[in-house]
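As recorded in TrEMBL, the features of this protein are as follows:
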- 72, 97, 124, 147: S-adenosyl-L-methionine binding site (BINDING)
- 151, 183, 220, 221, 222, 223: substrate binding site (BINDING)
Ligand SMILES: C[S@@+](CC[C@H](N)C(=O)[O-])C[C@H]1O[C@@H](n2cnc3c(N)ncnc32)[C@H](O)[C@@H]1O
């Protein structure tokens, strides 16, 4: 079945443990790599890179310590992740991104700044969550400015779906946070609707579904671009309740 023929209903009936077959939340585009990005992928990858094929991780073994753990999905060129990893050396960060130039750039920067609290997957986040990250292992999961897929026929590609948020819930520790941000109002409303129906979460917002922009969220490339275009930004922070 082609992507276009998969209906939203088919997607909704997928179980949380099963990534959505065939429907991707991204399109891989060939991009030119800079010398620094290539260096990251070739020289730094063996130390900080991880693959789905590496299987289920013991995060204490991986990082060689016990520490709070935060995952960022779709980090783009990695600016926000690098900034956070540098600002919070006592927290371990795992980035997941499919875009090779972004992964290369993040690795190159991590190496230049001597970061030891960061690991990177260049894989589909659904596969990484399903196969590599243990249940109840994360203190936080960040999804900043995911592709909004504005056309209705592409809404099934939006990463935020009932099965996705349930999969995330199982990987969060009780009390762990799912933090989403978008500059696309219709996607913010979609996120709020999905979360309103998602069992096992509590919204941290007290006045409507959204929270004020948290100071600790670094300004990303997409947010900056959205602001220049006059877009608003919506943050949603939910906690795993059970
Ligand atoms: C609109 S960009 C936002 C990048 C960054 N968070 C920012 O704010 O600048 C969305 C990113 O998510 C990545 N992405 C989409 N679906 C993904 C998936 N299933 N697994 C990993 N990365 C994904 C895309 O490659 C893209 O780089």
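Just so it is clear, glycine is given a Cβ too, placed from its N, Cα and C backbone atoms.
Not a single one of the binding-site residues among 72, 151, 183 has a C-beta coming within less than 6 Å of an atom of ligand 1. Fewest other C-beta atoms within 10 Å: among the binding-site residues 97, 223, that description fits 223. The two recorded residues, residue 151 (substrate binding site) and residue 97 (S-adenosyl-L-methionine binding site), have Cα atoms 23 Å apart. In sequence order, 25, 26, 73, 74, 75, 76, 96, 98, 99, 125, 146, 159 are the same-chain residues whose CB sits within 8 A of the CB centroid of 72, 97, 124, 147, the residues recorded for S-adenosyl-L-methionine being left out.
Taking every protein chain shown into account, 151, 221 are the binding-site residues, and of these the Cβ with the most other Cβ atoms within 10 Å belongs to 221. Binding-site extent for S-adenosyl-L-methionine: residues 72, 97, 124, 147, maximum pairwise Cα distance 14 Å (rounded to the nearest whole number). Per the record's binding annotation for substrate, residues 151, 183, 220, 221, 222, 223 show a top Cα-Cα distance of 24 Å. You'll find the Cα of residue 220 (substrate binding site) roughly 12 Å from the Cα of residue 72 (S-adenosyl-L-methionine binding site).
Long-range Cβ proximity for residue 183 (substrate binding site), meaning a same-chain Cβ under 8 A and a gap of 6 or more residues, is found for 145, 222, 223, 226, 227, 231, 232, 233, 234.
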